[in-house]
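Since the structure comes first, as structure tokens, the remarks are kept for the end.
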Amino acid sequence: MDGKRRPGPGPGVPPKRARGGLWDDDDAPRPSQFEEDLALMEEMEAEHRLQEQEEEELQSVLEGVADGQVPPSAIDPRWLRPTPPALDPQTEPLIFQQLEIDHYVGPAQPVPGGPPPSRGSVPVLRAFGVTDEGFSVCCHIHGFAPYFYTPAPPGFGPEHMGDLQRELNLAISRDSRGGRELTGPAVLAVELCSRESMFGYHGHGPSPFLRITVALPRLVAPARRLLEQGIRVAGLGTPSFAPYEANVDFEIRFMVDTDIVGCNWLELPAGKYALRLKEKATQCQLEADVLWSDVVSHPPEGPWQRIAPLRVLSFDIECAGRKGIFPEPERDPVIQICSLGLRWGEPEPFLRLALTLRPCAPILGAKVQSYEKEEDLLQAWSTFIRIMDPDVITGYNIQNFDLPYLISRAQTLKVQTFPFLGRVAGLCSNIRDSSFQSKQTGRRDTKVVSMVGRVQMDMLQVLLREYKLRSYTLNAVSFHFLGEQKEDVQHSIITDLQNGNDQTRRRLAVYCLKDAYLPLRLLERLMVLVNAVEMARVTGVPLSYLLSRGQQVKVVSQLLRQAMHEGLLMPVVKSEGGEDYTGATVIEPLKGYYDVPIATLDFSSLYPSIMMAHNLCYTTLLRPGTAQKLGLTEDQFIRTPTGDEFVKTSVRKGLLPQILENLLSARKRAKAELAKETDPLRRQVLDGRQLALKVSANSVYGFTGAQVGKLPCLEISQSVTGFGRQMIEKTKQLVESKYTVENGYSTSAKVVYGDTDSVMCRFGVSSVAEAMALGREAADWVSGHFPSPIRLEFEKVYFPYLLISKKRYAGLLFSSRPDAHDRMDCKGLEAVRRDNCPLVANLVTASLRRLLIDRDPEGAVAHAQDVISDLLCNRIDISQLVITKELTRAASDYAGKQAHVELAERMRKRDPGSAPSLGDRVPYVIISAAKGVAAYMKSEDPLFVLEHSLPIDTQYYLEQQLAKPLLRIFEPILGEGRAEAVLLRGDHTRCKTVLTGKVGGLLAFAKRRNCCIGCRTVLSHQGAVCEFCQPRESELYQKEVSHLNALEERFSRLWTQCQRCQGSLHEDVICTSRDCPIFYMRKKVRKDLEDQEQLLRRFGPPGPEAW
């Protein structure tokens, strides 16, 4: 019998879906693709070094580094920011792009042109940013105080203002929550002004309002509460005051009043600011104090659209955990921290640093620094952060793991100077728990690490919020967006690598560097930073709000800005979940398979267009009976399909229509500039801007419909959807009435489906070109029947088209060229859904390709039958059977038992550290169990299934996963009854392989008996064959040896595939990436090899005649 072969490449090896997947003739060890990239980065960086500046910059930074923290030899001059020249505040302005605006309460500072500083504490706004030259800036903005409004009660005059201020001050000082630690008056001023509420059209114009200015932002809430309860005013009793704009954040209030938007450029004019040269409060290179009214805000247009050379740092850590236990900061050490730094606008990282515990072999293209003590390692990284001074910090899951782990570990080891990771001197970074919940994402429990002055952009959180994927592991998203795989090492194996030698620690460092490099690649590829900067500019909110807050603050900011120009105020509404409203219209689909072109007509920006066309806004809403009371004529207001009334633009133009007009016209300008622009960086900015403008316009409608929100208005949201339903129905009627045989067309048109903002029309023509021409003609003709700016546009043609049901269809999409389809488009089908196993998506996609592209229904049916046969005979790889579902809430909060929830609970009992947590996607497969056992009890971890050889419930996958999707596709073609008979019954379903597991059930009590390999007869001895098959023993032996050889060859191919991916052909494969099908295949073949070798041993040792 042959011995086990050495793993090596074989002929016909399929390339792995990774970089470096080609086979070489020799298997000599060579660097991985990532290591070659690192070396190339080093060469590119060497070309840009400025040798004459290095010594000067190095000396300046060493003066600020505490003795013993980082040796001078360990600091690379390239880490440092350029040294700013001397700046004269009297003659030179300070111009910088602000990235973050927050506030603190502290002692007042003297500023040029400002009043003498008061003795008590005052709120100071703080803007962090970067200049064009790359210098870091912190600007302290003084003199701005928080305020809010309230309507003046009847009879209130100037003589009552002093009395109200005294009474409110007294009430706040007595208040248990508001009056603590007050050193001066809480209310600074009460002023009379003329304003108008934005909610509803009243017809009487502005009315008296009180503007109440308080000393500190935290005093707004108690002042509002006490005013709502009632404050005594001499001669007026104890009236109650309704608050307006009392729920606006202090930073938003300041930015609205000064016309500052997120991430725009600010200018401190010469002579108007003071530089702090000594006693600086931050670690920024330039620190200034200025009066709030002297700050100049540049709109992000033209040259002010540029983005400063921001410093982006991506990092990853590795910990040495104990076997079977996820690392815990109280017990398990941090063994490596790898960092990559990028200057925005440059092609490659300028900084590649690996900090390791214990010696590590050199890595070409990266700087390696080793430490014997973990405390020194942690302190070195903390000092490195302060030296490198990043503006943006990114990574993968740094928010919930890396940063909290580092801070907790430093506390455990009592590294007192570690947690100063922000830009404010002496301010520790701390950890707090946070929870976010929405209808779209469910509940997510996260941690928040404060790092004042630096923007945290965790790529995992970005992807969870912006993209719907089957898996969110770094490996899965890297393949999905970058087409790259990475080695994925289990936390228990990391400890073995650390305890090895300097070469194994080098392998771990390369792995850690790549884990830091990939988030940086994702940040660039998905334009995350550029898009976030442009969204902050468009909506006017600080960058951090986009990453940590919901959608509503973006619309509130725009609403406040527009309202301020018109003297309107936003009321504080106590929102409670109210009544729901009818959504968009869906025209009943005419189901079937269409072998003729189907033209799709789409309303451009439907909901924003409706709001602009019909002037739907808070400011134009008429309460029931108001139109008659104000004497409005029929041509001065409209009645919507839902019965609500709004005044027309001739009476008052609404705020929301004005905001939408500005957004959409700005988008049109951005797209026009984008078409002409050639500079790649500027193209990125413009593309991000037009996308931000589009998203912002579409979110305005959602803001009005949010039942629990800042300013919900059911009348607006239900009127918008009411008009939408009416327009879809009218479009159907217009198309079907014009394009008829009676009007001279070859056939009469029919609308086969309509959904929200689009209709699908069958014009009866046979060619795509004719359908396109008629679609464009129909879109122009129908648009003329609707008020501007509502416009119906021709979008695409489907040919052929498979219409299955509401929101479920597929077809070949033609949008520009009639002679070549763009792609196969699927909506609502399992080909694009992520709540089924990959087998479903792959089979549905393959079937659709055969039906729509190849036009081969028989081939599609045959392929589906083959896959079903393979499934029932256990020939499908387990990676194709993995189902993933998100854990959105605790087990007790689910109404019924869920498979992924129950599995998460079982995994938590096995290993609490590595069990899924809220917000994670849980992978599982369904295993066989006794008849009648519920599906949620049969869910199991795929790796656990492989390790314990548990049998898969193939019948479940056929009936619960494959059956319905396949019938939906094939019934329109084969007919309802025939589709089921052909696909789910027949010869291909009669042959089944039933496997038995090694553990559980009756097998725990059963005694195993050997069977004859030839005829399966139960044997009474330990041999391989029975007496009847003895003459065929040699033949049977050769057959099993051949099977073993085939398994060894398959294992060899898979093993070498994985070696290629990890970048070494002479090291063991330790990757355990559950998102890679090769991993499951390799585990399965290894198990099959062990079983086959055990079977061959039953034949006994070869006799002398074999030699």
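Glycine too: its Cβ is placed from the backbone N, Cα and C atoms.
For reference, Swiss-Prot has these:
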- 4-19: motif 'Nuclear localization signal' (MOTIF)
- R19: omega-N-methylarginine (MOD_RES)
- C1012, C1015, C1026, C1029: Zn(2+) binding site (BINDING)
- 1058-1076: motif 'CysB motif' (MOTIF)
- C1058, C1061, C1071, C1076: [4Fe-4S] cluster binding site (BINDING)
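Cα to Cα, C1071 ([4Fe-4S] cluster binding site) and C1015 (Zn(2+) binding site) are separated by 40 Å. DSSP assigns C1071 ([4Fe-4S] cluster binding site) to a strand. Each of the binding-site residues C1012, C1015, C1029, C1058, C1071 was scored by how many other Cβ atoms lie within 10 Å of its Cβ, and the smallest score goes to C1015. Counting Cβ atoms from all protein chains shown, C1076 ([4Fe-4S] cluster binding site) has 26 others lying within 10 Å of its own Cβ. Report note: the Zn(2+) site is defined by C1012, C1015, C1026, C1029, and the residues of the same chain whose CB lies within 8 Å of the CB centroid of those residues, excluding them, are C1011, I1013, G1014, R1016, T1017, L1019, V1025, E1027, F1028.
Least packed by the Cβ count within 10 Å, out of the binding-site residues C1026, C1061, is C1026. Cα-Cα distance from C1061 ([4Fe-4S] cluster binding site) to C1029 (Zn(2+) binding site): 46 Å (rounded to the nearest whole number). Model confidence over the motif 'CysB motif' (1058-1076) stands at 74, taken as the mean pLDDT rounded to a whole number. C1058 ([4Fe-4S] cluster binding site) is 41 Å away from C1029 (Zn(2+) binding site) when you measure Cα to Cα. You'll find the Cα of C1076 ([4Fe-4S] cluster binding site) roughly 37 Å from the Cα of C1012 (Zn(2+) binding site). Between the alpha carbons (Cα) of C1026 (Zn(2+) binding site) and C1058 ([4Fe-4S] cluster binding site) lies a span of roughly 42 Å. C1058 ([4Fe-4S] cluster binding site) and C1015 (Zn(2+) binding site) are 39 Å apart (CA-CA, integer value).
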